[in-house]
Every structure is written in C-alpha cells, then in structure tokens.
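**Student:** My questions will all concern the structure given below.
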Amino acid sequence: MGSPHREAIRTARSVVVKVGTTALTTPSGVFDAGRLAELADAIESRMKAGTDVVIVSSGAIAAGIEPLGLSRRPKDLATKQAAASVGQVALVNSWSAAFARYGRTVGQVLLTAHDIAMRVQHTNAQRTLDRLRALHAVGIVNENDTVATNEIRFGDNDRLSALVAHLVGADALVLLSDIDGLYDADPRKFQNARFIPEVSGPADLDGVVAGQGSHLGTGGMASKMSSALLAADAGVPVLLAPAADAAAALTDASVGTVFAARSERMSARRFWVRYAAESAGSLTLDEGAVRAVVGHRRSLLPAGITAVAGKFFGGDVVDLCGPDATMVARGVVAYDATELAAMMGRSTSELPGELRRPAVHADDLVAV
C-alpha cells in the first residue's frame, strides 16, 4: 500500500512548485533557459491534468550575472540587487516563452517579507494570485530582491514558497532543487548518510545534520527543512525532490522526501499571526499566565503580564514570552504598549470598564 502522504501530493488539485536556483543553472552557475523549459514541460503536464499551479522561482540573481559581464555570483548587496533587476527580466521572459508553447500566459508577482507580514498587502497578494489562477494564467512568484536585504542572503525562496502555499490555499507544496531529498547527513560528505523518505513530524528530524546554502543560491537543507515543517504544520503536505526528476515528482510523487501535513489545516488568520506577521514587541508572562495561554488556550489578561517591550499599538502582533524569556505564543494585542504598561499585573476588577477586555483574546492567540 502506498504512502497516504504521497497520495496527497499526487491528488492535490492546487500545488505550489518552488524552483531553486541550482535547478535553473549549469554546474558553473550560468543561467540555463533550457533547464527552465524542461521544468515548464513537467509543470504543464500536471496542469493539463487539471491541477492549478503557482510557481515560486528563484534564479534572478543568477540570470543577471552573464548579461552584466560578472564572472561569479556577487557578494555585496548593491551588486546582488543590480543583478536581480537585470536577471528578473530574463527569468520571467524565459518562463513566459516556455509556457507560450502551450498557449499559456504568465504573470509576475514580486513580494518581500514585509508584503507577507502586513495584513493588507498579504490580502492583496492573495487576491492577485487567486485572480491569476481564475484567469488561467501561471503566477510566477519571486522575492523582490531589488529592495530586499536579509531576504537575499537567507532562504532562497524556501520560506516564501511555504507562505505562498498557505496564502493561496494550496493542497501541496513541491520543492525542486539539486538534491535527492532529505538525508540524516550531507551525502556528498558522508558515504553512509541515510536517506529519509518520509517525515511525519519534527521528531523524525532528531539527529539530522543540515547544511547551508550553495554557492549559486542561498537555500541550504536547513532552510528547506524549516520551510517544509512550516508548511506541514499549517496543513500543507510537502515533497522535497530533485529537479532532474520533476516529472516523477509532479505525476506520481515517487521520488524525494515527503513531509506529512498536520490533520487540521490552520486558518488563514492564525497562520498569519503564527508565521507571517512581523512582531511589534513582546509581553512577558508569569507562570500562571503561560499555563492558561498555552495549556488551556485561554485569553491573556493584564494580571498575568510582568513586562512590556516595544512600541506597539492595538491590533499589532506581539510575542508572548515566559519568565525565562522563551517565546511560548504569538497574538494580536488589544491595547497600545503604553496602556498595557499601566495595566500589567492588575486584576480585571481593578481596571476601568473600557480596559477590561483581555490583553490578547484566545481567538487571536497561537502557541508556538
């Protein structure tokens, strides 16, 4: 009997496909439009079978290296951004040409972490991608490297693809790269590295040693593991597979490592609070408040707060930390920082009527 988690990938009606930089370049780091076209062929086959697909494509910086006459991937931020601005044109043109062979139109969607973190931009991005799919266009998503900073140096779109998967309500996420799947150690360095075909939860990753990014991109195994677990925790199954076997990955999911999704999909709002929103500050809780919030999923009352940090306002997302400063939850706060600083440690009966709401309502809390 086959794996039910691979079956979930096979039968998904909506899929986000993340294509890493190394999947689009030669071993020497040159952008290869031929490789991209081959991936488009595999993706087209899945779409022809009736699946909606959104592509998260890396490769803009790599695609800009040759046109700018650079000998290697730049290291300084300004040159990376210049290469990205040139390469993004070549990248999208290549995707456009590849899908034009099948009569399909592509749409470019450039995002930053800030766009995902801010609720209004988050919703607008969701609407744009949903509308592209409704119009039978292929959404090509990439990080907006020309204005991003840390985003260029970390992740190589792995985390972005997990966020987009939940953003569009995808049934599955497929990460295509230059690796066969997940091993308990780097197989290029350790001959006895053990292949892990299926991950049912974080406990399966105990003892796994994950490497960092390649010289062509920035997303190493650690980034892919983290992003796969993020998506799986939100209810989206993930397949980590080699781009060379994209056809098999997208047809029968018979290759790579599959990450099982949690049984209950996280709501869009709770996902945004937990993973996407930027934290505007933090609240330190006493032990009783931690038990109430984490153990019993109750609202946070001002009486359980011992410290307030940051300049936030009602409606912002804040971190909730225990007495040892470890984050235990995140939530949407109901009051400004200045108000909470005056309210903390006081029982509800001591507060004026307009200040008797919970500091963070249980419906706006997500344990971490």
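Each Cβ is built from the backbone N, Cα and C atoms, and glycine gets one as well.
On a predicted model such as this, the values are computed, not experimentally measured, just so you know.
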**Student:** The substrate site in Swiss-Prot includes D145, N157. Which of S45, S58, S71, S254 is also listed there?
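**Tutor:** Substrate site check in Swiss-Prot: besides D145, N157, the record includes S58 out of S45, S58, S71, S254.
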**Student:** About how far apart, in whole Å, are the alpha carbons (Cα) of S58 (substrate binding site) and K18 (ATP binding site)?
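**Tutor:** That comes out at 8 Å between the alpha carbons.
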**Student:** Indicate whether K18 (ATP binding site) is helix, strand or coil by DSSP.
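**Tutor:** SS state of K18 (ATP binding site) = strand.
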**Student:** According to DSSP, does S223 (ATP binding site) sit in a helix, a strand, or coil?
**Tutor:** helix
**Student:** Looking only at D145, D178, which of these binding-site residues has the biggest number of Cβ atoms within 10 Å around its Cβ?
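**Tutor:** Of D145, D178, the one with the most crowded Cβ is D145.
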**Student:** Expressed to the nearest Å, what is the distance separating D178 (ATP binding site) and D145 (substrate binding site) at their Cα atoms?
**Tutor:** 22
**Student:** Measure the Cβ-based neighbour count of K18 (ATP binding site), defined as the other Cβ atoms within 10 Å of its Cβ.
**Tutor:** 30
**Student:** Would you report the average pLDDT that the model assigns to the domain 'PUA' (280-358)?
**Tutor:** 95
